[in-house]
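Just below is one structure, and these are the notes that go with it.
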Number of protein chains: 2
Amino acid sequence: MTTIDSLGEFGLIHKLSQLVPAPRHPDTVRGIGDDAAVIDTAGDEYLLVSTDMLLEGIHFDLMYMPLQHLGFKAVAVNVSDMAAMNGLPAQLTVSIGLSSRFTVEAVEEIYQGIAAACEAYNVDLVGGDTTASRTGLTISITVLGRVPKDRITYRSTAQPNDVICVTGDLGAAYLGLQLLEREKQVYLADPSMQPNLEEKAYLVQRQLRPDARTDIVHELRDLDIKPTAMIDISDGLASEILHLCTQSKTGAVIFDDTIPIDDQTYLTADEFKISPVTAALNGGEDYELLFTIQPQAFEKLKNHARITAIGYMTADPSQVVLATRAGQQTPIKAQGWKHF
Amino acid sequence: MTTIDSLGEFGLIHKLSQLVPAPRHPDTVRGIGDDAAVIDTAGDEYLLVSTDMLLEGIHFDLMYMPLQHLGFKAVAVNVSDMAAMNGLPAQLTVSIGLSSRFTVEAVEEIYQGIAAACEAYNVDLVGGDTTASRTGLTISITVLGRVPKDRITYRSTAQPNDVICVTGDLGAAYLGLQLLEREKQVYLADPSMQPNLEEKAYLVQRQLRPDARTDIVHELRDLDIKPTAMIDISDGLASEILHLCTQSKTGAVIFDDTIPIDDQTYLTADEFKISPVTAALNGGEDYELLFTIQPQAFEKLKNHARITAIGYMTADPSQVVLATRAGQQTPIKAQGWKHF
């Protein structure tokens, strides 16, 4: 008997993937192993499929997660997988499991958040399943997207010397979570204490209502830049750069002083005595895009306000390192989430 | 505050469907309201999408549900939705939430069942999500299927005088569940008692390892019969005929003595002092197909061993009735499942 804990989430997924029979349908272009599966439905576009399940007590805490935000976030994290393939979402299905402690009004709030996200990302809600649950709330979403065949971007196609870019800033969602957890403990100890998170609004919003970077998909198209590889940052920069390197069979150098980090993240990391770079590397839930481009394409992006170059790919797959300007290098290790 | 219980599952789904924005993508042919959503991806076929979530303690009890069967069943119930649109499955995604009481070996058993079903129904497992859960086991599956555009069959297109047909036999899965529940109570009272269900193998199998009727989709195609309307029987014949009638704006007469019921179901219904017709009408989980055909098409099916004519559609939507040969008619009411 093997505990799941002893294998870890990635170990378990690896073991299960070995039980999956090889695809037999000729239209299955790519199965497990990227941000989305890729299906050829004829025509100029591929169909993308991705699914995510959010469980109460694991992925969210209803003590501080408003139900509308939860509905929005459940959609956004799936849409983010479409963006990571350089595609856009089109349809989604939503399954919800609810225990009897939820009222009809509560379920309506979740759906209002889902509807708001469908509006924001231009997705049609086309199906789902609503069922009772013994305990807690479960939301499972599957999103279908489209990407022009000549624009699809996998994790496995980066080359040495490609520039590594990241959108937005990192680590904020993780510090938002730390703040919310701290306020929860304060509240539990003394329910008359009202949290004051106004000065930390950005961090809290990044945790509770993350945005998927479909805007970047449009912009890269307009700039006529096709990334050589891409992934979304759901588990932290460390874990994602390792995925890109493993699948592309490359190494990487990331410069610690180039990682984009918001001022609120810096200040709050200091409060919590956490290194802001560690929050960016291992925090997770930023839902930004991490991608690589050919060196000659970088000219077009170098003044982009929301895209930052943070390093470059190398030829040696055994060297995925964080470098200081002084030249010191430390190996990057995946931490990811440990829920089990 | 409104409890979900007071609205019921169908009431809740109706209320939530009003919050769903109208589809905006021109390729969304049909959203919520049938066994699957229908998407036009260009070419001669439609893409079908359906999703189902199974929760421990609601949809299955691991005291008598072997994990391999659970994996198989989770796929079969989704494949059944493809058959209900007159289509066949092609790809699926699987999300699993697991508490720490599950071992790696247990998860592997679930996946072996999923892989067996992928083999049986010729489906590619192309993606998924594996996550920790606070309590219990959750399986959420989304299946993608295909159907030639000129073969797609909705719930809403039956006409008065169409013949109502059903595949296989009904009520067995429900009695299988009653048997397993009874044996569970016996075992809990005295763990030295070993259940002997050999003579009831058919009923138990119908509950634990139902089969999706993709064979019927092939046969109807070979016979050049296109049903005028179709649905799969997941919640019992009563609930499904009411769906067909409501959406097609028809009434229906079903003859009680024509409903196909297996001998084991008869005998066991007697044991449990349940009417076998009630088990067929309200039992659920048979995963047979209920469909209507034009009267002139019936000639081709009338000697089919696994398809039974059980009545006909009528013009008056207010009359959905069960009739005895003596001429007595009683209204059919949906009971469905009440999990909340």
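Backbone N, Cα and C atoms are what each Cβ position is placed from, and that goes for glycine too.
Fair warning: this is a prediction, and the values are worked out from it, not measured in the lab.
Among B:Asp5, B:Asp81, B:Asp124, B:Asp129, only B:Asp81 appears in TrEMBL as part of the Mg(2+) 4 site alongside B:Asp35, B:Ser50.
In terms of DSSP helix, strand and coil, the domain 'PurM-like N-terminal' (B:33-147) has 36 helix, 50 strand, 29 coil. Of the listed binding-site residues, namely B:Asp52, B:Asp81, B:Asp129, B:Asp232, B:Asp235, the sparsest Cβ surroundings within 10 Å are found at B:Asp129.
The binding-site residues B:Ser50, B:Thr51, B:His59 include none with a CA atom within 10 A of the CA of B:Ser234 (ATP binding site). Each of the binding-site residues B:Asp35, B:Glu285 was scored by how many other Cβ atoms lie within 10 Å of its Cβ, and the smallest score goes to B:Glu285. Looking just at the domain 'PurM-like N-terminal' (B:33-147), the mean pLDDT is 94. Separating the Cα atoms of B:Arg155 (ATP binding site) and B:Asp52 (Mg(2+) 1 binding site) is a whole-number distance of 19 Å. Proximity to chain A (CB-CB distance below 8 Å) holds for B:Thr51, B:Asp52, B:Gly128, B:Asp129 among the binding-site residues B:Thr51, B:Asp52, B:Gly128, B:Asp129, B:Ser234, B:Asp235. Sequence-distant neighbours of B:Ser50 (Mg(2+) 4 binding site) (same chain, 6+ apart, CB under 8 A from its CB) are B:Asp35, B:Ala36, B:Ala37, B:Asn78, B:Asp81, B:Met82, B:Thr142, B:Val143, B:Gly145. Summarising the environment of B:His59 (substrate binding site), the number of other Cβ atoms within 10 Å of its Cβ, over all protein chains shown, is 22.
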